[in-house]
Every structure is written in C-alpha cells, then in structure tokens.
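Structure record follows, encoded as structure tokens.
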Amino acid sequence: MMSLRLFSILLATVVSGAWGWGYYGCNEELVGPLYARSLGASSYYGLFTTARFARLHGISGWSPRIGDPNPWLQIDLMKKHRIRAVATQGAFNSWDWVTRYMLLYGDRVDSWTPFYQKGHNATFFGNVNDSAVVRHDLHYHFTARYIRIVPLAWNPRGKIGLRLGIYGCPYTSSILYFDGDDAISYRFQRGASQSLWDVFAFSFKTEEKDGLLLHTEGSQGDYVTLELQGAHLLLHMSLGSSPIQPRPGHTTVSLGGVLNDLSWHYVRVDRYGRDANFTLDGYAHHFVLNGDFERLNLENEIFIGGLVGAARKNLAYRHNFRGCIENVIYNRINIAEMAVMRHSRITFEGNVAFRCLDPVPHPINFGGPHNFVQVPGFPRRGRLAVSFRFRTWDLTGLLLFSHLGDGLGHVELMLSEGQVNVSIAQTGRKKLQFAAGYRLNDGFWHEVNFVAQENHAVISIDDVEGAEVRVSYPLLIRTGTSYFFGGCPKPASRWGCHSNQTAFHGCMELLKVDGQLVNLTLVEFRKLGYFAEVLFDTCGITDRCSPNMCEHDGRCYQSWDDFICYCELTGYKGVTCHEPLYKESCEAYRLSGKYSGNYTIDPDGSGPLKPFVVYCDIRENRAWTVVRHDRLWTTRVTGSSMDRPFLGAIQYWNASWEEVSALANASQHCEQWIEFSCYNSRLLNTAGGYPYSFWIGRNEEQHFYWGGSQPGIQRCACGLDQSCVDPALHCNCDADQPQWRTDKGLLTFVDHLPVTQVVVGDTNRSNSEAQFFLRPLRCYGDRNSWNTISFHTGAALRFPPIRANHSLDVSFYFRTSAPSGVFLENMGGPFCRWRRPYVRVELNTSRDVVFAFDIGNGDENLTVHSDDFEFNDDEWHLVRAEINVKQARLRVDHRPWVLRPMPLQTYIWLVYDQPLYVGSAELKRRPFVGCLRAMRLNGVTLNLEGRANASEGTFPNCTGHCTHPRFPCFHGGRCVERYSYYTCDCDLTAFDGPYCNHDIGGFFETGTWMRYNLQSALRSAAREFSHMLSRPVPGYEPGYVPGYDTPGYVPGYHGPGYRLPEYPRPGRPVPGYRGPVYNVTGEEVSFSFSTNSAPAVLLYVSSFVRDYMAVLIKEDGTLQLRYQLGTSPYVYQLTTRPVTDGQPHSVNITRVYRNLFIQVDYFPLTEQKFSLLVDSQLDSPKALYLGRVMETGVIDPEIQRYNTPGFSGCLSGVRFNNVAPLKTHFRTPRPMTAELAEAMRVQGELSESNCGAMPRLVSEVPPELDPWYLPPDFPYYHDDGWIAILLGFLVAFLLLGLVGMLVLFYLQNHRYKGSYHTNEPKATHDSHPGGKAPLPPSGPAQAPAPTPAPTQLPTPAPAPAPAPASGPGPRDQNLPQILEESRSE
C-alpha cells in the first residue's frame, strides 16, 4: 500500500510537472545562439580573449586581464529561463582553465544570488585541462535572466581561461507583488472540492520574516496553510477531524531558514492520501499526515498573499505577505496567470502589482580570510557618524575601524559574543569600551547607528526605542581620512589599520559615513576607495542548520562557513551526534565489570531509536535486562464484549514499544510472565474460533496462545500437559465456571515480545469478571554479536543498498588467513560518465585495512597500517568505519583513529541504487575468504547467517574447528562450532567433561537397584496397535540408530571426530533423557563396572511381552549375555575368565537385526548371528534395571537365579540406545519434573562414582583445561656442569676427526692429477653424428693418469667420459701455447 502511494505521488509529480514546474526535456544549450552583446566580462586579456569567445567548443576563450581583483563572466539570456545545468571548458589550446568557480544568477544586473549545491556549498569544481567539458547537473532548477561566473581558482601554470555552456529552456513567468495589505483569492469552478491527491507549487522572494503565503480550508476541519515565521517556511495541513476519530489531523512541517534574503525560493507540496512531499529549493521532505482521513475537502476559495473578506477572522493573527509570488500552481491551474489576466474567478484585495517592486540595497558579501572595504571620509570634523546594516552567523568579527585625525587615537566597532562592542582609544587617556545589542548573530539584518563627538558617544541597534546606549566621557573627536569595514588589510603598517580582531564574515549594506550614503557602485569599479575578497550586489548567507545535520535532536549552531553540533542531553556524541553514548545491553555492562542497578541502554546503537533506562540484574554468568511497565499490578475488567473489548495498553517505563522491541530483537532470550484469572469468563473457547481474549505483541500482531504454551497453537499451558479443569478444553478459563480459575505461564518466543496490549472480551455477563497481571520483560544475551558467516570459495552476499542519508557507520569483526579481500562494497549511480559514488572497506594487504569512498570529491581512502603484526593471523579483529559531513575515520581493534576532515560545506547523501556486497566487491571481484560477524550499519545488524548458502560457498558460523579438532569429542559427543573455539555436546552420551571423556557412575550397595521406565503400558498398547496396522520399513522405526546400515560402520565404536546427527529439540534437554523407547530392531548398550561379588544382574531390559535382554555375572565370576526375542532365549558367554577382581571392565554390545557385535575390555571385536527362527525385534521395551531385577510378572528362571542377593559394586557410563539412566539421575537439576520422577526410581544407597576408571586420553587434555593438573614436583639439582663440558669436548673431537678423514680422502683421490700441456686438438661435437665413437688419433697418445686406489667411502656417480682427443684442427693450430707446471700434491 505504501509503495502504491509513493508511486501515485511520483505520477502526480510527473503529470503536474508540465504545468509550469517540471519542464521535462528542458536541456537546450542557451549560450551558443546568443549575440555577442549578451556576453560581458569584468575585463579581458587580449583582442581574442574577450567575452564573445566564451562559448562552449569555441576557437578561443575568455581570459581577464592580469591583476583583475574581481574577475567575472556574465551572460544575458535576454529573457527569463529555467536553468538546469552548467558546463565549462578551458581556453582552446592553452594552459588556461578555471579549477573552481562560483555561479551567480538574478533577474537584474545589480542583484545577484549565489547558487548553493547540496550542503550549502557555493563552489563548483571546474576543469583539469583545456579541452574536457565538465558539466554539473543542478540538484534543482532555478529561473534567471542573468548568469555570472566568478572564478575562484585556476591552473597555477597558466591563467584564467573559460568557455561556458548553460542548459535550460525558456520560462513563462506570472508575478504577483504584495505590499503587506494586498491579497487575492481563487474560487473553484464547481464550488467545494474533494480530492485524493493535490499539488501546490509557487516561487516567492521577500525581505520580511513573517507573512501568509497561501491558505485554503474546508467546513469539515480540512485546511492547507503555507506561511513564513521567523524566515522559516511552515506548512500546516489537516485532512479533517471528527469526534469519533481518536487521532487529531493537524500536521506541521518546517523547512528552510533566512528565507528573507530577496532571492527566489521554489516551493512545492505533493500529496496522495496521507503521504506527502514538502519541497523547498530542491530539498524534499517526506512525511505522513496525522489523522485517519485521506481526502482533502475544501470550500470554494484559495487565498494568496493574505486573507480576503470574512476569512480574516479565522486567521486574524497572521501577517499578510510582503514580496513577490510567481506562478502559483494548484492541480494544473496557474492561479497567478489567471490573476494577471484578471479572470473572473479571481478576487483582489488592495492594489496587487504584476511585477516585482522590491528594493535593491546593493549588499556586499564578506567571505574571505582578509576581506575589507575601505572608503574615504571627511577629515578633521568634530562629529563622527557611521551607520550600516549587517547580517551574520559569526559571534565575532571586526565591523568598523577608523583612525582619528591629528593622531588622537582610533575607533573600533566589533562583534563579540553576538553584541556590538565599541572601543575608543585616545592618546594619553583610558580606553573607552561599551556594548549594545543582544544575539545579533541570528542571520537577520540589523541596523547600527554610531555617533561620537566631544564628551559623549551614542550607539543604537535596529532603531529600537529605548535601546540606544549613551556614554558620557571626556572625548576629543577629529574624524580621519579612511573607514575600514569588515576587516583590516595586510600589512597593517601600510594601510594604518591596526586591529587584533578577526575579519567579519557576513553581509553589509547601506553604508553611511559622516551622514553620506556610500556609492558602492563606484567602489566596485575602483573609482572610490578600495576593497579585497568581497562580492558586490550579493549576499551569500545561508542557513547551514536547515536541514539539520545534527542527528538525534542535537542542537545546531552555525557560523559563516560551518556548523557545530551540541549533543548534550541527547545520549549521543561525536561531531554530528551520531555515536551512541551508552551500551547496547546489560550484558555489555556486565562484561565491563558493572554491578546490578539502573543503567541507560541503546539497543540500536546509532540508529534512530532513543536510549532508555532499565534495571540490570547482573549475575556471574549473565545479565538480565528488566523493563518495567504500568501493568505490574492486577487489572480488573468487567463489562467488555467481543464487539467492544477492553484494550489494556502496556506503557513501558522510559521507553516506547519500538525501543523495547529493539531490545528484545537483539537479545538471545526474553521472557514475560502473563497471568489471566477469570470468574465466569471465557478465554479462547469460541464457536467461530476467534478468541474472546488475546494479547498483542511486536508489530501490533495478535497472538492467541498464552503463558506456558507455544506459538502457532491456540492453547494455554494446561492444554499442553492435559491438566486443564475440563480435559476437552485447552484453558482453565474456558470451563466458564462461576469460580476463579487461572491460566498463567511464561511467554518466551522472542520475536513476539514485548506484550504491548491485552484485549479482554467476555466480561459483560452477570457476575462475570476477568483479571490479568503482567510481569516485567526480562531478557539476556546478545544474538547480534555472534551473527557469523564464513566465506570459503570467494562467494558474496547481496543485501539491499545502503540508505544512510548523511551519516554512515560500519562495524564488524573479521578473521582470516588470506592476505587481502573486500569486506563490503556499495556502488551508486554515476556522477558522470567515468565516476561512480561508492563506499568500500577492505583488507588491502596483510597489514593494511582500508576505508575507501567517493562522495563526489574524488577517490579518498583511510588506511590503518600495522607494523607489529599481520591482520591475517586467523584471530578476530574489530573494524569501525564512519563517514559524515564533518569527517571520515577508521579504526581497527584498539589502535588510534585515522581521521580525515571533510572540506567545509561538504554534502553527503549516502543513498545508493546498487546492492550492498558483503564478502567481495561488485560482481564478486576481490573476494574475501574468512569469517565475518556482528556486521552493523548505522546500528542495524545484517543477518549474515540467514543469507548463508552452502552451494555458493558461504556457511553459518565460523566453521573449521570440528573438521580437524585438536581434541576430538569421544563416546558419540557432538562437536559444536563456537567461532573462535569449539565445544563438545555430551547430551547424547553417558559421559560429561570438556570432551565427553569423564565417566558418570554410581556405587551400588548390596540390595540397591535402579529402575528406568522406557514407556508406559497405555502408550505401549497404542503403539503396538498402530504397529500392527502399519509396520514400518526396516531401518526407519523409532529407536533405530542411524548409521548401522552405512558401509564401513563399526558398531559400538565412536572414535575421534565421531559426530551424531543433530536432532531438533526446543531448549536444552535433561541430560541423558530422551523420552520413551518403542519397538526397536537394534540396541546399543555400553557400560563399565567393577565388583568383587557374584552372582549378580548388571543390566536388564524388560518388556510388556516376554522379550528381554540381560547382562549378568554367573557364580564362577564370568560374564554372560542373555537375549529373548520371541520364543526361546539366546545365551552368549562374554568372558571365560572371572571379572570379579575389583578392576574396571567395559562392555559394549550392539545388535542390528540378527547381527550381534560384542567387545569386552580390550579384547577383539566379535560378531555373532542369531538364528533365522529368532525374531529381529525387541517388542515393547518396558523398563531398564540396574543392580537387580524387581519386575512383576513372569521372569526367566535363570534371571531369578542370579538376581539374589543383588549387585554390589560400581556401574558407570551406562547407556541403552539413547537413554543414560545414571547421567539422568546425577546430572538432572532438582526438583525433577513429574514425568521424569515417575520414570526413574532408586532403591537403596546409590552414590556417585567413576568406578576407578581413568578418563579417556587424559594425557591429551591440555593442562590449562584440566582442573586436576599439577606441575611436576621433582627435586632438581644442578650437578651436571662437568658432564656437559666433557660431552662438549667429546662431540668436538668427533667432528674434527670426521673433517680430517674427508681431507685425507680428497688428497688421495687427486694425488696424480694436475695441469699439463697437450698438442691434441679439441673434440668437436658436430663431427660425429649419430653418437658414433671417433677414430683413434694418428699421433702418439698421452699416457693415461694412474687410477687411485679404491676407498671404503661411497663415491658419487662418475661423470660421462670425454671423447678421445682428435688431431689438431685448423682452428687450434694458431692458438698460443700455454705451458703450466704440474702442481705438487
């Protein structure tokens, strides 16, 4: 529905845009067709650099003369146009181009308005060479006849050079001028109007701070009002009100500031239903109207500029507007054009003119660091009189300085702390100082009149009666020759202006010196006085706090070129009040070492929700966050029905529903106790299924389950355990009895909490009453901090694009061993053809984390470099990056912040149109391999785990530990990944400990026994009946242990890394308890024992039929297994040697159908097979007995024979399929549940013991995890000093001997070898093709060297023998003969 409304608003904008507002297709180049006389400039450099050559793509370009202090290029479009873009080039084939410039526009050549980009920046970026065209599409279209370009910076290797292009289209203007006593009204053609969508649009300019611009109303409370209040534009709108509607319809929205600047401002209001857009000068504010109506019902008139006739009594306190209004559009009707044409439906009040008659005061804009204007005065007069008007945001600045004549001193007027301070210094006398005014830096015009003459001085501000300040003091006044406004030139010794005050930044006008008005036109053209760093005929003041860039209701204070945010009492800090001051939860306070008490928390961090106060119940292992409300006491309800129910709203202390919902959403667990008591009042039992009473939770969702029940079912707690008063109903209150009944319990589903309302609807009968009671919301844990994902194969996650407006903060943890990768990236639409906005955080190298972005000023990046370690060390590292209009910063772990201040007037609009990539750059470039967790953008946690997809290479959690664990989980323990470590889940085993290797056992005194019920008789009969109707497929019966039929499966063995399958189970189960066991086709039994007595029954499993299983000790001390599956028992002798030696023994028995696997102690595994006549199923198991069989009914005589006097010894690690009775008995918290207490019974003394069994692989348990580890305590004597010295000498002697043997071997091998001369030619490799042996030489052969005697040492493989030398060739005959003596060995 919301998207439909927004679409309709856009549609209405498009439809109405053609009626005087949008001008779609308005993209004509306007400079090219102009005559040369329409192009002017302040000066020109040469004949071919005049303004006429400043057209885009021209053969030259405009360049001012060298030394022009205020150069500008001016375009006269001959009539008013709508301007949408500006483009620049440098001068053709030169080094001359402009790098920064200011754009001024206006309807007259003596009144200019600076065009401000987003962020109130009046500076445009220009060119970087002489040929490329740089185009700026303006964020809103303005109308003007004259365009002026003021260069601010240019190529330092050249000079100013400019070619210009302006894009737009002709504009038809219909202007109405109001003098404060005028107004017009437009009457609808068909009387009253009723509309679902509306468009109001117009332009205005004024010098007044207050005035009514537009008003219309209806008889049912509908109205639309646009007015100026304090130079702010206010929109009041209502779609009507009614006594039966609870919500009022009035809505007020404010935009802009200092709108009384005699500049055109463009206003537009679009509405569709209750959704509306309010636009001022290109800044659009979307809001939703209050109330419940969607149509605007108006009477027959719209008033412009004020009220006419009887309508004045409705808005008697409003001032009429004084100024110009242009092109008033209402739903495609141009009311201003109809007024100019004197249409019959237009009513005039007063003399409304059809052209602007606003005054032109010729202001001066002071915006430079050393700006000033110097004008001459009339010297040696006895009366000094100065007056002027100024407006500014700055607290300080020099307004006026003048030297008195005859060396008598000087006079200073300065702005200090928002008031005008006067200082008169005279030679030989004490300085006179006094002040006047208050908060004069409010951005409005203020008039100053100062007069000083002999013995007294007077200053008045704004001609307020009684506000002038008169001072009597012995003064001698002689006026000087010069007056400096706005600052002092440098150097001061040359100009004679000596002041320590900073330059004034703001605007001045109507300068008067000694009673004469200064002609500023002469000053501008250097015919009077002097100036520097100022602009004439314009005032560049703007409201930098509108819109307010300070977040979370921070207060904005501005100066001429910047603003400051004050964040006191907001709960936030930082340059824009974006960073949260408080922690997210009580768990964070616990981890920081706090104690129980009241604390302020901020669950959404830097998000829009406000912080609030809660009570933190901080304990050793967790911290409960407690949020109280106004329903902590019982609420009585009578007289309610389903048609008119009682709505019990829950108002939480210090917090709204959204803020409490954010707390619950970020918590690991939440609970809230709800109790409903009734007297002759029903709760859920209705004929139509819709309940009488229910509760409302998060997001205003209705829930029909009550405390102690589960979501999705319409029941109370008693309906789950079938303990309701009426077994046929699901709640106690549904019995509808004339006595008090109660349904109560905990609500624990986090996504439904908190409870926001309780609705009661069945108390309107006689003697009917209901009461409900709700306890505080209690939460613990943080499920956002460990929202983790791992990237394995260069995958990426795609999220919706970032829409952060003016500030963005990103925080996350990463862990990797890869040297580089992109954590996240979001790209936007192109600024131009070759640039796109983006934001990216990446691991650039193993030692560098980079935050890179482009917000329109080019590529920027911040880098955190690590010298002491690498970031890819497979440890968790915290990254925090933030960007706003004031600065960008980056931090890794606890290293210092890396800061990058933003240029002044920077505008940031972090709204992107492409998906947000997490784990890589766009299109999966530069992927990250590793783990990410707790990724938050502006306080919102990204659900990384929810986007995990194993097929794409992303997995929930930071996996990898359980693949190759350092210490495996034994006895079927389940390995659980814990991001930076792992744990072993021992719930499905009979063991505990860190790796499921600690035995849990009990010592049985004589006569002690234990019974564990596997299922009740009623359940067994029902199960057996269903089993007979539909026999399940083998291997899929309940109780079947997965994995038995898997190839390579070894029954009874759970080696390192064994992992049982995960079973869905709500909450944490009772240790060792897994509910009833039905007909099974296999058993897995394991236990350990030690005893000195025989005979005894160690373990016995009975059934509701004659089937059983037993492990017993015979009289001779041997171990025997007995099975009865069907008719006859099966007996197997487990051991041939006695086991009654008091030592621990282990037994592992596994049966799969008719295959039996047995292992006792460390003997080899044996396999037995049952006869085909034996049944393969243990039917209807009933109970498990340990120590002794106390079963009723028929028992095998052999079992009775060994059953007396009972087992005496120790049993541990007992497990029958998925039941561990001893672990359940010793590890279940007391008191037990009724179901568990009924299932288990112990007779006699049973005390916990591990039966002397050592934990498995004790040596592999790391010492830091073993609580029983003690360091070695053996005495150590340092008596091995001489032994170490002797050993050192012995090793050195052996090494020397080995080296000597190698030297002797070398000498012996080379004894007869040396260098000698021969006349034999060298062999040529290409003279014997095919590898044939060469012929013997014709001359005498050289005697071969004697072969050395063989040694015992192994020799390396011999090198290939060289070919015999041939006779001297022609190349070797002329070589010089080198004779060498043989070296002596």
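For all residues, glycine too, the Cβ spot is worked out from N, Cα and C.
Annotation source Swiss-Prot lists disulfide bond at C26-C169, C324-C356, C507-C539, C545-C556, C550-C565, C567-C577, C931-C958, C962-C975, C969-C984, C986-C996, C1210-C1251, citing similarity to another entry. Look at Swiss-Prot and you will find N129, N277, N421, N500, N519, N598, N654, N665, N764, N844, N1079, N1148 (among others) tagged as N-linked glycosylation site. Per Swiss-Prot, the feature region 'Disordered' maps to 1317-1385. If you look up Swiss-Prot, you'll see 1319-1329 marked as compositional bias 'Basic and acidic residues'.
Counting in whole angstrom, C567 (disulfide bond) lies 31 from C539 (disulfide bond) by their C-alpha atoms. Cα distances from C550 (disulfide bond) to the recorded positions N277, C539, N764, C1210 are smallest for N277. C969 (disulfide bond) and C962 (disulfide bond) are 9 Å apart (CA-CA, integer value). In the three-state DSSP reading, C324 (disulfide bond) counts as strand. Of all the recorded positions listed here (N764, N844, C986, C996), C986 has the Cα closest to the Cα of N665 (N-linked glycosylation site). Within the set of glycosylation sites (N519, N665), the lowest number of other Cβ atoms found within 10 Å of a Cβ is recorded at N519. Counting Cβ atoms from all protein chains shown, N598 (N-linked glycosylation site) has 10 others lying within 10 Å of its own Cβ. Under the DSSP three-state reduction, N421 (N-linked glycosylation site) is assigned to strand. Note on proximity: among N129, C577, C986, the recorded positions of the record, the Cα nearest C931 (disulfide bond) is that of C986. A distance of 16 Å separates the Cα atom of C507 (disulfide bond) from that of N519 (N-linked glycosylation site). Closest in space to C169 (disulfide bond), of the recorded positions given as N129, C356, C577, N654, C996, is C356, taking the CA atom of each residue. Cα spacing between C975 (disulfide bond) and N654 (N-linked glycosylation site): 43 Å, rounded to the nearest whole number. In sequence order, C969 are the recorded positions from N129, C324, N519, C958, C969 with a C-alpha within 10 Å of the C-alpha of C996 (disulfide bond). Counting every protein chain shown, the number of other Cβ atoms lying within 10 Å of the Cβ of C577 (disulfide bond) is 27.
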